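Student: OK, TrEMBL features for this one:
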- 1-20: region 'Disordered' (REGION)
- 1-14: compositional bias 'Polar residues' (COMPBIAS)
- 59-82: transmembrane segment (TRANSMEM)
- 87-244: domain 'Sodium/calcium exchanger membrane region' (DOMAIN)
- 88-107: transmembrane segment (TRANSMEM)
- 119-140: transmembrane segment (TRANSMEM)
- 152-176: transmembrane segment (TRANSMEM)
- 223-244: transmembrane segment (TRANSMEM)
- 271-291: transmembrane segment (TRANSMEM)
- 276-414: domain 'Sodium/calcium exchanger membrane region' (DOMAIN)
- 311-334: transmembrane segment (TRANSMEM)
- 346-367: transmembrane segment (TRANSMEM)
- 373-394: transmembrane segment (TRANSMEM)
- 401-421: transmembrane segment (TRANSMEM)
Amino acid sequence: MASNQECLLENGTSSEEEVHLGRTARQLSASALRKKSDPTLPNSVQNGHLRELLVNLQVVLLGTKLAVLLPTIPLSIFAVYYGFGKPWIFTLSLLALTLLAERISFLTEQISYYTGPTVGGLLNATFGNATELIIAISALSHGKVALLKYSLLGSVLSNLLLVLGTSLFCGGLANLRREQKFERRQANVNSLLLLLATFCHTLPMLLQYAGDSAATKDQTLQFSRAISILMLLSYIAFMFFQLWTHHGFFELQQVSEVDGDEDVEEEVAEIGFWSGFAWLFAVTAITALLSEYVVGTIEDASKSWGLSFSFLSLILVPILGNAAEHAGSIIFAFKNKLDISLGVSLGSATQVAMFVVPCCVVVAWIMGINMDLNFNLIETVSLALAVITTAFALQDGTSHYVKGLVLIFCYIVIGICFFVFETPVDQTAST
């Protein structure tokens, strides 16, 4: 413990408040599913290096309530090498990704204890949606642009409607006699960026109705690449706004809410700095491997289960991929900590829409793959309606359970839509 405190002092995070500032809303949300490890067994080992290894294994592998999913990691690899059915491989890999996504968030938080709040915020911006980004790159490498677009769109929709809606609904029911309030300025900034993302998706979609199909297709591709660069620049400006010039919008509320919370008592790193980086690399590598399994088996799982490809990739994959973070958001809503819940749902949706999506367009461009921002008519309209509905629900800075219920119903409507109707895969992939 003492060595951790010394490292924190060296990095300029000497006060408890600064340590809190290094933790984003999404990290606080994910921490709701963590559990303290019993150090009795590792501490009984005399050898210092072996003891440190055992502590790391215990903290990283068992320091979460999702540790019950740990066997799905070797089982996924076992299922591939022994020729199990692809639906089984898809299911096991997706469940394993649920655990790995939470562990990446944990390891990012551990490293941020040593680096300070600013670098910690940048690490969270990089690894906050690592699972989606890894799946996206894997899908690109297989040329499955349809899967890529559906999974990213599904991540935005699930955060805006399902996660936020469930958080507002549960928080409203748990606090019926108290008015729930949140930091409206944070919500407004995220809503503006999401509206910008909607704007950047709508125009490429409308271009297909503007003229000759062959010429318009090429124009849409070039236009998408140009505005993807602008979207990335906008996200960089947003990070500067969030981490430097107006960090109070996003952090000070978290400090005031977390202070005195019994569930967040431990404010020191549980593993070392370099150990955190080594584990982060290992977990990310395993995530990349399992993402390959998901991408390679999702179409067979869709046919086997009789579910449309669009429903499976737009609804199921995003929900399970960030289940730990989503559950934490709902838990904090129960505790009347809506700033954290909004930081999770809106922050994740903004990051996917303004960073992961344009980043994929640029990476596809580098790889020689034609990917644009035209997500087709129904998909783009669903995104626009979700963003507008969410922005309208959050405009007054207060919440009640009816707002959450409406957002949940909107998500159900979209889910039913893609359950009964599937955009042909080649229509999306042809971009």
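A Cβ is built for glycine as well, from the same backbone N, Cα and C atoms used for every other residue.
Mind running through what each feature is packed against?
Tutor: Outside the transmembrane segment (59-82) by six or more residues, the chain places 33-37, 88-89, 92-93, 95-96, 98-100, 102-103, 106-107, 270-271, 279, 283, 286, 289-290, 293, 324 with a CB less than 8 A from a CB of the stretch.
Long-range contacts of the transmembrane segment (88-107) within the same chain, counting only residues at least 6 positions beyond its ends with a Cβ under 8 Å from a Cβ of the stretch, are 26-27, 30-31, 33-34, 60, 63-64, 66-67, 69-70, 72-73, 75-76, 79-80, 127-128, 130-131, 276, 279-280, 283-284, 286-287, 290-291, 293-294, 297-298, 300-301, 316-317, 320-325.
If one looks beyond the transmembrane segment (271-291) by at least 6 residues along the same chain, the residues whose Cβ comes under 8 Å of a Cβ in the stretch are 7, 52, 55-56, 59-60, 73, 76-77, 93, 96-97, 100-101, 103-104, 107-108, 110-111, 114, 127, 130-131, 134-135, 138.
Same-chain neighbours of the transmembrane segment (346-367): 24-26, 125, 128-129, 132-133, 136-137, 140-141, 145, 148, 152, 155-156, 159-160, 163-164, 186-187, 190-191, 193-194, 196-197, 224-225, 227-229, 231-232, 234-235, 238, 322, 325, 373, 390, counting only residues six or more beyond its ends whose CB sits under 8 Å from a CB of the stretch.
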